[in-house]
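To start, the structure itself, in structure tokens.
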Amino acid sequence: MKNAAIIAAAGSGKRFGSRVSKQFLNLSGKPVFLWSVEAFASIKSFKQIIVVVPSDMVEFLSLKYKTGFVCATGGNERFDSVKNGLALVGDDIDFIAVHDASRPLISKKDILLVLEKAAKTKVAVAVEKAKDTVKLVSADGYILKTLDRTILRNAQTPQIFKTELLKRAYSRKMSAGTTDDSQLVENLKIKVSAVETKFLNFKITTKQDFELAEKILKS
């Protein structure tokens, strides 16, 4: 089985509040995005790693890191960025993993768990159990109901797809309100498997998240 990974690293990270996009900040000795690249590169079946970055970073990164991955140019939206990465995937690739560069703590074990499930079901997504009580709220600000937390999961990445399925999903126009890749496949009326991650895999969104990730990596 030959697999590819698309690392989405083209976001501006406005909520983080830094002049340098968070995925390129130094995190315990290496750029944030490189932690994810190395996690996928440690798995032999991943023959191709594509990092989608802002257009002004493509040449710089291609020269700085001449082996290990190739760069694709990011688009205006995440959908466009992943689609640009998808265009570089080889014809012999069986499964494609899409992963957020801002989740640098992803473990080899969790990648393999999601990949194993995807190999059986064609699509699998990393998830974590919802920890907080979740309320359904009306447009005018009133609580309609409390959702059953035991069946709620927070979607993470990687999200791993049979190649032809992801390409088919991305050949269609993105629907309004689509927030992740698996939703595109759901729109094809295809069941998506959920795999609970075993290790910390949070997304770096704030400076507090960054500091926590640094503490974990140094411990």
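The backbone N, Cα and C atoms fix where each Cβ goes, glycine too.
Taken from Swiss-Prot, the feature site 'Transition state stabilizer' covers ARG15, LYS22. As annotated by Swiss-Prot, site 'Positions MEP for the nucleophilic attack' applies to ARG149, LYS203.
Everything Swiss-Prot records as a feature, shown here on the structure.
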{"residue": "LYS22", "record": "site 'Transition state stabilizer'", "CB count, 10 Å": "27"}
{"residue": "ARG149", "record": "site 'Positions MEP for the nucleophilic attack'", "CB count, 10 Å": "13"}
{"residue": "LYS203", "record": "site 'Positions MEP for the nucleophilic attack'", "CB count, 10 Å": "17"}
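If you take the Cα of LYS22 (site 'Transition state stabilizer') and the Cα of LYS203 (site 'Positions MEP for the nucleophilic attack'), they are about 11 angstrom apart, rounded to a whole number.
Note: the CA-CA distance between ARG149 (site 'Positions MEP for the nucleophilic attack') and LYS203 (site 'Positions MEP for the nucleophilic attack') rounds to 21 Å.
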